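Visitor: Sharing the feature lines straight out of Swiss-Prot:
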type     : residues : note
ACT_SITE : D429     : active site, proton donor
CARBOHYD : N66      : N-linked glycosylation site
CARBOHYD : N128     : N-linked glycosylation site
CARBOHYD : N197     : N-linked glycosylation site
CARBOHYD : N243     : N-linked glycosylation site
CARBOHYD : N301     : N-linked glycosylation site
CARBOHYD : N351     : N-linked glycosylation site
CARBOHYD : N367     : N-linked glycosylation site
CARBOHYD : N522     : N-linked glycosylation site
CARBOHYD : N588     : N-linked glycosylation site
REGION   : 103-255  : region 'Pectinesterase inhibitor 13'
REGION   : 301-598  : region 'Pectinesterase 13'
SITE     : Q428     : site 'Transition state stabilizer'
TRANSMEM : 25-45    : transmembrane segment
Amino acid sequence: MAFQDFDKIQERVNANRKRKFRKRIIVGTVSLLVVVAAIVGGAFAYVAYEKRNEQQQQQQQAKNHNKSGSGNNVVKDSDKKSPSPPTPSQKAPVSAAQSVKPGQGDKIIQTLCSSTLYMQICEKTLKNRTDKGFALDNPTTFLKSAIEAVNEDLDLVLEKVLSLKTENQDDKDAIEQCKLLVEDAKEETVASLNKINVTEVNSFEKVVPDLESWLSAVMSYQETCLDGFEEGNLKSEVKTSVNSSQVLTSNSLALIKTFTENLSPVMKVVERHLLDDIPSWVSNDDRRMLRAVDVKALKPNATVAKDGSGDFTTINDALRAMPEKYEGRYIIYVKQGIYDEYVTVDKKKANLTMVGDGSQKTIVTGNKSHAKKIRTFLTATFVAQGEGFMAQSMGFRNTAGPEGHQAVAIRVQSDRSIFLNCRFEGYQDTLYAYTHRQYYRSCVIVGTIDFIFGDAAAIFQNCNIFIRKGLPGQKNTVTAQGRVDKFQTTGFVVHNCKIAANEDLKPVKEEYKSYLGRPWKNYSRTIIMESKIENVIDPVGWLRWQETDFAIDTLYYAEYNNKGSSGDTTSRVKWPGFKVINKEEALNYTVGPFLQGDWISASGSPVKLGLYDA
């Protein structure tokens, strides 16, 4: 072994020590807050006492370390340093009602903010609120304060966007789109605040998946707002405002992660992906619906048929007739036929199920495209926004062809959405898995460039993914995941799927290089595991974004236990962000932990919560 290898090992050892030290300090800080909260009673007093002993040991270690002449600063990035982690008060709590000592609030803020990417802004945000009388009584009040700052900043973004003046129609469209997206973002932050307001500290971990999903969506909405503007003065004006709210959102997500990691050992909360209770949003009707084979057994609320044999002849007419308030799941049965219409299931239409006669029998089709000067975001044939949307045995198409360039068949931003035995056909940008938690089972997805893209937390399980023939000279990419921040809980997981050439590509596949994906945004995250990858995929596996080094250090691309002629990872890219993972790491991206998949299994949909080789 070379001498420089010993140096690298020592650097890693030192870095691990620093990380462990900081984690212990944060654990102690959060434990102290929990005790002060007066919610958890005497059990937490004992835990805090144990933490106090651990903190005293760490404090003594820190003193000894400083005497030796080296500091205990933690380096987060090459150009960004955090101050030495402060040590919370060592005095054990005498009672649960005890208040925090003067000056201790600042130390706690510093400690909690040390886990964020934008530490100084985090400290300033929380400090400003404590100065205004913000109560330092439990961990969730810190988080609430951080999210309130996001919500207030979004008001400023909206104010800025509405003040913009232009005569250019493209810019006007971008302004209108951004306005709607900022309003969507505000809805998510308000929902997050409402959730925190009704949650006790000892139940906090149960609501974390919702908070992470909603705030991750806020990040996506902010980014899409910016993407809508062409480069120029107008975009620069908006970018300054939007970037500010993105920073605050990132800090909120980081604080959630900090509290989750450090409340778990304190409170022994049940693992969120192994809940014993069936979630309240899943009804018995949902389970019967997804288990049903005969559509007549569904007892739909409305039937759509082009031949007039149903209640409506168009899907949109059926949606307009759906009651504004409906208890339980509302089912629309769409009979065989090609429905040439643009459909939006808006946010008010929650818990809606659409069932067709088959993915190649009941088809919703359109042909909007970027080539027709339509924004990619608005080209979707079908849009699913309402929470809890389910589709079974349906087909979704965009027939713009390869000449249409970006042309979306479906855009999904419905939280806890399920697609079972569905088919998605297009070329570039076929399936826009935009935001929130999504599950696709036994589906067929067909396209050319970035044909599964977006910033959702989405798992594709037991699906057939077919790469088709595009324009001459084009390179095909299956995925283009758009995670913009390391604390977002989003990403794509392709699990036990088949990736192969479509029939039209097979004879000429040597003329079209195809790849598993490319990084659309800085923290793009895609995992391909336990899948069959046929020889349509280039041995390097992954493609750079427009032949640059963009995101190759910050992305997370992983493969685990794949098979097929292109499943061999020997010749894969040598990027810092790509890795071949082991079983332990792969488990993190199964349905259970990644989507908190109890809601899927409770719905009656077939699902594999863990690995197939377990």
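Including glycine, each Cβ sits where the backbone N, Cα and C put it.
Let's see these features in context: how buried, what's close, how far.
Guide: Listed in sequence order, the residues of the same chain lying 6 or more apart from D429 (active site, proton donor) and placing their CB within less than 8 Å of its CB are T376, T379, Q406, A407, V408, G447, I449, D450, F451, F453.
DSSP gives N128 (N-linked glycosylation site) a helix state.
Contacts of N197 (N-linked glycosylation site) defined by a Cβ separation under 8 A and a same-chain sequence distance of 6+ are given as K144, in order along the sequence.
Cβ neighbour count for N243 (N-linked glycosylation site): 13 (other Cβ atoms within 10 Å of its Cβ, all protein chains included).
The DSSP secondary structure for N301 (N-linked glycosylation site) is coil. In the structure as shown, the Cβ atom of N301 (N-linked glycosylation site) sits within 10 Å of 19 other Cβ atoms.
For N351 (N-linked glycosylation site), the number of other Cβ atoms no farther than 10 Å from its own Cβ, over all displayed protein chains, is 21.
Long-range neighbours of N367 (N-linked glycosylation site) (same chain, six or more residues apart, CB within less than 8 Å of its CB): N398, T399, A400, G404, A407.
Non-local contacts of N522 (N-linked glycosylation site) by the CB criterion (under 8 A, 6+ apart in sequence, same chain) comprise R483, V484, D485, F550, A551, T554, L555. In three-state terms derived from DSSP, N522 (N-linked glycosylation site) belongs to neither a helical nor a strand segment and is classed as coil.
When Cβ atoms from all protein chains are considered, those within 10 Å of N588 (N-linked glycosylation site) total 13, not counting its own.
Neighbours of Q428 (site 'Transition state stabilizer'), defined as other CB atoms within 10 A of its CB across all chains, total 28.
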Visitor: For N128 (N-linked glycosylation site), what is the tally of other C-beta atoms lying within 10 angstroms of its C-beta?
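Guide: So the number of other Cβ atoms within 10 Å of N128 (N-linked glycosylation site) is 12.
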Visitor: State the three-class DSSP label for Q428 (site 'Transition state stabilizer'), counting H, G and I as helix, E and B as strand, and everything else as coil.
Guide: strand
Visitor: Could you find out if DSSP has N243 (N-linked glycosylation site) as helix, strand or coil?
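Guide: Note: N243 (N-linked glycosylation site) is helical by DSSP.
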Visitor: Suppose you look only at the region 'Pectinesterase 13' (301-598); what would the mean pLDDT be?
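Guide: Per the prediction, mean pLDDT sits at 98 for the region 'Pectinesterase 13' (301-598).
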Visitor: Rounded to a whole number, how many Å is the Cα of N588 (N-linked glycosylation site) away from the Cα of N351 (N-linked glycosylation site)?
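Guide: The separation of the Cα atoms works out to 28 Å.
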Visitor: When DSSP states are folded down to helix, strand and coil, where does N588 (N-linked glycosylation site) land?
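Guide: Assignment for N588 (N-linked glycosylation site) reads coil.
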Visitor: Please report how many Å separate the Cα atom of N351 (N-linked glycosylation site) from that of N243 (N-linked glycosylation site), as a whole number.
Guide: 34
Visitor: Cα-Cα, whole number of Å: Q428 (site 'Transition state stabilizer') versus N301 (N-linked glycosylation site)?
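Guide: If we compare the Cα positions of Q428 (site 'Transition state stabilizer') and N301 (N-linked glycosylation site), the gap is 35 Å.
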